[in-house]
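Following: one structure in structure tokens, then a few remarks.
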Amino acid sequence: LFDGVYPFYPQQRKAAVFDISTIIVIVVFLTLACSFLLIIPGIRGRVRLYWTLRVLLSLFVGVVIVVVQFTGDWETGWVQANTSYKSFSPVQVDVDIGLHIGLAGVNITLRGNPVNQINETINYNEHFPWNFGADYDRSYSEGLQKGLPSPILYVAEKFSTQSPCAVHRQYRIAGHYASAMLWVAFCTWIISNILLSMPVLIYGGYMLLVTGAFMIFSLLSFSTVRSLPMCLIQIGTRALHVAYGGSFWLMLAIGLLCFVVGITIVAMHHVNLDLLKTFFDLREDKAEEYHEMPEVFINPHFVNKGL
């Protein structure tokens, strides 16, 4: 020890609980939702229910499109193994090792089972970015210099540019184009909301279909990484396998939801336009459409005077 600190372990790393970018996005959308709920009492009748359903559903779609950009569970995998903890050390520890792959990089989790072993707290969550503008190999080298535990460095090495697995470039390009597709979907989502607030509902339905299409395109872009054979990640006697995670399936569900809503709006436009306008609070009164006055009130006082 040097002043009570390990020379190659300057601090005990803590596992990340939440991603800051994700929290910011969720707080922004929750603020919008709460602001809308404050004005809900001013809307009368059944229209209040229609407005609530439309706004909350739309905000949910928007927050999902943005949040999945920063999540790290497009692909996930866990394995429990008995393995060495540090390089050049025969000490074995029981750990849970997690691999979380996102659009911008990979998170590797190492958690002891139990957490406190060999007089240390084994609870790590390390992020290695590969998005454009980031240097994955440099992050990996910094991990070596910090003296990260061997299982984390072993898994991280599989995704480096020098690895024989050769998956770094594919993941980086697939994540980049998937992210670009999602940002386009976010723009079309904004346009669809603008069109649905105007008397051009059918174009809003078409734009929702475009939004759903770009979501599906992002999934297809990310799924291209499955065309490459994944290297075997052998940890002790166990192998770590990955599968599509929560963000992938959530985006698929939201994309299909946009398709369903868009098709419903387009179909209702041709089948029952009045009902569609009623749901979106755009139905005009028949008297206003034909510029007619439904009733005329005459003051009898003026009639008696011949006026």
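Placement of Cβ uses the backbone N, Cα and C atoms for every residue, glycine included.
Database features, via TrEMBL:
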type     : residues : note
TRANSMEM : 20-39    : transmembrane segment
TRANSMEM : 51-70    : transmembrane segment
TRANSMEM : 177-196  : transmembrane segment
TRANSMEM : 203-222  : transmembrane segment
TRANSMEM : 242-267  : transmembrane segment
Given a Cβ distance threshold of under 8 angstroms, which distant residues of the chain, six or more beyond its ends, lie next to the transmembrane segment (242-267)?
57, 61, 64-65, 68, 71, 73-77, 99-102, 182, 196, 201-202, 204-209, 211-213, 215-216, 218-219, 222, 230, 276
Long-range Cβ neighbours of the transmembrane segment (203-222) (under 8 Å; 6 or more residues past either end):
61, 65, 74, 103, 174-175, 177-179, 181-182, 184-185, 188-189, 191-196, 248, 251-252, 254-259, 261-266, 269
Same chain, outside the transmembrane segment (177-196) by at least 6, Cβ under 8 Å from its Cβ: which residues?
54, 58, 61-62, 65-66, 68-69, 103-104, 131, 203-204, 207-208, 210-211, 214-215, 217-219, 221-222, 251, 265, 280
